[in-house]
Amino acid sequence: MTASEQTALLGSPRKPAYTIFSNSQKLLIILTATLASVFSPLSANIYYPALKSIQKELNVSEEILNMTITSYMIFQGLSPTFIGSLSDTIGRRPVYIICFLIYIAANVGLTFQTTFIGLLLLRCLQSSGSSSTVNLAYGVTADVVTSAERGRYVGLASVGPIIGPTLGPVLGGIISQYYGWRFIFVVLTGMALIMLIFIIVFLPETCRNIVGNGSLEPLSVWNKPLSSFLCKKKENEDLDETLEAQQAIEAARKKGGKPKPWKSLTLLFTYPTGCVILFNGFTFATYYAVTTSLTWCFSSTYHFNEVEIGLSYIPIGVGSMIAAFTNGFLLDWNYRRAVKKVLGRPLARGEHFDHDTGVALGFHIERTRLQIVIPAVVLAMLAMVAYGWSVYLVLTPAVPLVLLFLFGWLGTAAYSGMNVLIVDLNLKSPATATAANNLIRCMLGALGAMVIMPIINAVGMGWTFIMISGVWIVLSPLIILVAWSKSSE
């Protein structure tokens with residue numbers, strides 16, 4: 001962790017607050033970022049129930065139409081690679097505005113297009129606009145919260161990408177059935193307009209390269225919420241920064257420099273971040289393989305109709321949402337326990353702990369986070385294998401549905417825990433690091449979605465998920481090495 005998160009050690013001078021935002025302000029900021037991050041996965045999944053209708057109207061084959069899904073995921077991985085670095089340089093607000101303007105324009109075009117080529121290109125544009133909102137949410141979270149509270153707040157930020165796949169198929173099916181598939185994009189346009197207006201009016205700039213801990217006035221009008229022009233900013237009487245601290249923040253602002261989109265790619269080859277990103281990407285790919293195969297498996301094995309299949313996504317979605325909330329508190333509890341062990345006292349509320357100082361005392365952020373992640377991975381693996389065999393043996397539907405709930409809970413706990421660690425390891429450029437994570441996540445997820453059904457058709461559900469577990473085990477030394485080697489921050 002960088003020196004921006006300082007610990008109030010005995011006898012040390014008073015340090016500036018990590019952020020001037022109150023707890024309620026931080027919660028509102030992160031909730032806004034979370035809602036914005038819903039659009040990328042929602043746009044991907046709301047589209048699925050309408051595929052048959054679109055295929056009939058555009059008169060294309062299923063294989064050709066599936067190109068719109070593959071291309072969406074490719075741009076979902078590539079776009080944040082460039083946008084993440086841009087947001088670390090020019091700020092979160094301008095990038096949010098750019099992304100939503102692109103997204104709204106794409107949805108308007110999708111509403112009126114009449115050709116497959118138009119659909120394909122506009123889906124790529126739609127993905128480019130919405131996909132960066134996910135890593136922006138993690139970037140905003142890292143801007144305003146410290147490591148001691150990052151677990152629960154990053155858990156909250158991860159709710160958006162979880163809600164989208166859960167609600168998308170249900171909402172898309174209802175809209176497509178009663179209003180036609182084009183109205184899906186009308187609804188998305190309206191939702192995006194409301195979100196954009198809220199961001200323009202209320203969301204403050206949080207990027208630490210622009211506003212430091214929030215106390216600096218942004219230089220650009222695009223970094224200022226409209227509300228700041230309507231009411232005078234309240235002075236923070238508790239803020240007593242020294243001249244040295246203020247100069248450090250100003251220097252951080254000037255160091256923003258030019259965007260470096262290639263930095264996301266270099267992180268993939270950086271230890272330990274690269275190891276965590278690769279293992280995390282496969283964890284997500286496994287999750288995506290399970291959800292992608294769910295429709296076919298339940299329709300062929302249990303003869304579920306479209307409504308029943310849509311409802312079958314609810315258990316894994318609910319499990320994922322529970323993990324997003326509960327795992328954050330567990331991560332924070334374990335963090336405070338580890339810090340107390342090396343300091344000999346508990347962290348005071350709002351106290352910031354310097355990880356660089358902690359290393360000399362025997363504290364390792366990688367090990368602290370992965371102590372929660374590794375057990376979750378093992379249990380998720382067992383739940384996934386049990387789910388595969390329960391469907392293969394045609395047990396009562398309640399059994400695989402319960403196992404889907406457990407897999408959603410445990411898999412998301414592992415995934416979100418590694419997301420927190422990736423942010424911890426890259427506090428100077430959290431959005432860039434999350435973009436690298438997103439790139440691998442989407443590419444491996446697309447690969448998992450592409451190969452899962454051919455493998456199931458070849459060897460069956462049970463053996464398919466045993467094979468996936470085998471790959472998971474082969475990759476496990478990556479994460480074990482990070483957890484029990486010397487800290488490399």
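Note: Cβ is positioned from N, Cα and C throughout, glycine not excepted.
Proximity of distant same-chain residues to the transmembrane segment (27-47), defined by a Cβ-Cβ separation under 8 Å and at least 6 residues beyond the stretch ends, is recorded for 21, 68-69, 72-73, 76, 96, 100, 103, 123, 126-127, 130-134, 136-137, 140-141, 144-145, 153, 156-157, 159-165, 167-169, 171-172, 175, 184, 188, 191-192, 195, 198-199, 202-204, 206. The transmembrane segment feature in Swiss-Prot is assigned to 27-47 (among others).
Close to Asn59 (N-linked glycosylation site) in the fold, though at least 6 residues off in sequence, lies no residue with a CB less than 8 Å from its CB. The N-linked glycosylation site annotation in Swiss-Prot covers Asn59 (among others) and rests on sequence analysis.
Beyond its flanks by at least six residues, the transmembrane segment (64-84) meets 40, 43-44, 47-48, 51, 54-55, 58, 95, 99, 116, 119-120, 123-124, 126-128, 131-132, 134-136, 139, 259, 261, 264-265, 429, 431-436, 438-443, 445-446, 449-450 of its own chain at Cβ-Cβ distances under 8 Å. The feature transmembrane segment is assigned by Swiss-Prot to 64-84 (among others), with sequence analysis given as support.
Marked as transmembrane segment by Swiss-Prot on the basis of sequence analysis: 97-117 (among others).
The transmembrane segment annotation in Swiss-Prot covers 155-175 (among others).
The feature transmembrane segment is assigned by Swiss-Prot to 183-203 (among others).
DSSP assigns Asn213 (N-linked glycosylation site) to coil, not to a helix or a strand. The N-linked glycosylation site annotation in Swiss-Prot covers Asn213 (among others).
Taken from Swiss-Prot, the feature transmembrane segment applies to 265-285 (among others). Same-chain neighbours of the transmembrane segment (265-285): 81, 366, 377, 380, 411, 414-415, 418-419, 421-422, 425-426, 432-433, 436-437, 439-441, 443-445, 447-448, 471-472, 475-476, 478-479, 481-482, 485, 488, counting only residues six or more beyond its ends whose CB sits under 8 Å from a CB of the stretch.
Annotated transmembrane segment per Swiss-Prot: 311-331 (among others), in sequence order, evidence recorded as sequence analysis.
Per Swiss-Prot, the feature transmembrane segment maps to 370-390 (among others); the stated evidence is sequence analysis. Distant neighbours of the transmembrane segment (370-390): 283, 286, 290, 327, 330-331, 334, 399-400, 403-404, 406-407, 410-411, 413-414, 417-418, 421, 461-466, 468-469, 472-473, 476, 479-480, 482-483; these residues of the same chain sit at least 6 beyond its ends, with a Cβ under 8 Å from one of its Cβ atoms.
If you look up Swiss-Prot, you'll see 391-411 (among others) marked as transmembrane segment. Same-chain neighbours of the transmembrane segment (391-411): 283, 286-287, 290, 294, 297-298, 301-302, 312, 315-320, 322-323, 376-377, 379-380, 383-384, 460-462, counting only residues six or more beyond its ends whose CB sits under 8 Å from a CB of the stretch.
Among the features that Swiss-Prot reports, transmembrane segment is placed at 442-462 (among others).
For 463-483 (among others), the entry in Swiss-Prot reads transmembrane segment, with the evidence type sequence analysis.
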#### Entry: DSSP three-state assignment for Asn59 (N-linked glycosylation site)
coil
### Query
In the same chain, which residue numbers or ranges, 6 or more beyond the ends of the transmembrane segment (155-175), come under 8 angstroms Cβ to Cβ?
30-31, 33-50, 133-134, 137-138, 140-141, 181, 183-184, 187, 291, 306-307, 309-311, 313-314, 316-318, 320-321, 323-329, 331, 412, 415-416, 419-420
### Summary
Sequence-distant residues near the transmembrane segment (311-331) by C-beta distance (under 8 Å, 6 or more away from its ends) are 150-156, 158-159, 162-163, 165-167, 169-170, 290-291, 294, 298, 304, 369, 372, 376, 401-402, 404-413, 416-417, 420
